[in-house]
Amino acid sequence: MSLLKLPTPRRLHNPHDSPALSEDELSASASASADEDRESGEISEPEHDQPSFKGYKPEYEWPGTEADFPPSGPSDPLPTPVFDRPLATTDLRLVVLSTSGYSFLRGKTVAVINTSEGCSIGRDSAPGPRLRLREMPVSKFHASIFWDSGLASWAVVDMGSMHGTFVHTTGSEPVRLSPPRVASQPRALKHLDNLIIGSTTFLVHAHKDGLPCEVCFAPQEKEIPLYEENKNGKSESSSTTAYGPTLSSTQKRVKHKHDMSSLKSSLLSTLPTPATTPGSGYI
């Protein structure tokens, strides 16, 4: 019959038996008992002497991965704000301030130039929109006005006129665009600039909203025609009908002359060649 081994009762410490152990001795005895309880070959984790984590510390922050931080590279340009974009193009209006050619303007005071077409200025008539100033200081093809997308504004170019094209900005002297018989670079036209060609001075009106003001507004009878009018009062701008293109008076004269030359050549080619008698005298 086997005997059961009862646990040995722990002896309570009697302060009268021996002096109390210090804290260092207690920790040393605890380490010794832990080493005895640890099995052979078992790896123990080092204990941290620092106190437990409390509050925020940078060393405990998650560093992230490559997926969280894409590779750095050139960033896309920011979109242009709406208020920084150029305004929409509007028609240009030239108001006659002074001129000696009241006879050819016939009381017209405002010229409206369309953005898509522009306008040429000269003494003679020409196909397309043209502002005619029939006086000797104005060349046949004097200047051209158009919308310049690079400047984002209306511009004027002197086409090599003899007497020049002048632009007068408020607070400065009139400036000639180029020497005689030399074409100029495009010059921007600003609102309320003065454009001087020959004896005629125009006031430039280019409103941002595209609506005319009291100065540049003119009824149809006061608007300067940019297309030559025939005797019937109709514009000679090129158009197409069901029977073919409509020709202006100038084109009709050129076509008539060409047709007559062709007819003359065809008739002369049908005449018989006169026979010559050898040895005949003077006839």
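Please read every residue number as a count from 1 along the shown chain.
For all residues, glycine too, the Cβ spot is worked out from N, Cα and C.
As annotated by TrEMBL, compositional bias 'Basic and acidic residues' applies to 45-60. Residues or ranges marked as domain 'FHA' by TrEMBL: 119-168. Under the heading compositional bias 'Polar residues', TrEMBL lists 240-251. The compositional bias 'Low complexity' feature in TrEMBL is assigned to 262-283.
Summarising model confidence by region, the domain 'FHA' (119-168) averages a pLDDT of 93. The domain 'FHA' (119-168): residue composition by secondary structure is 0 helix, 24 strand, 26 coil, according to DSSP.
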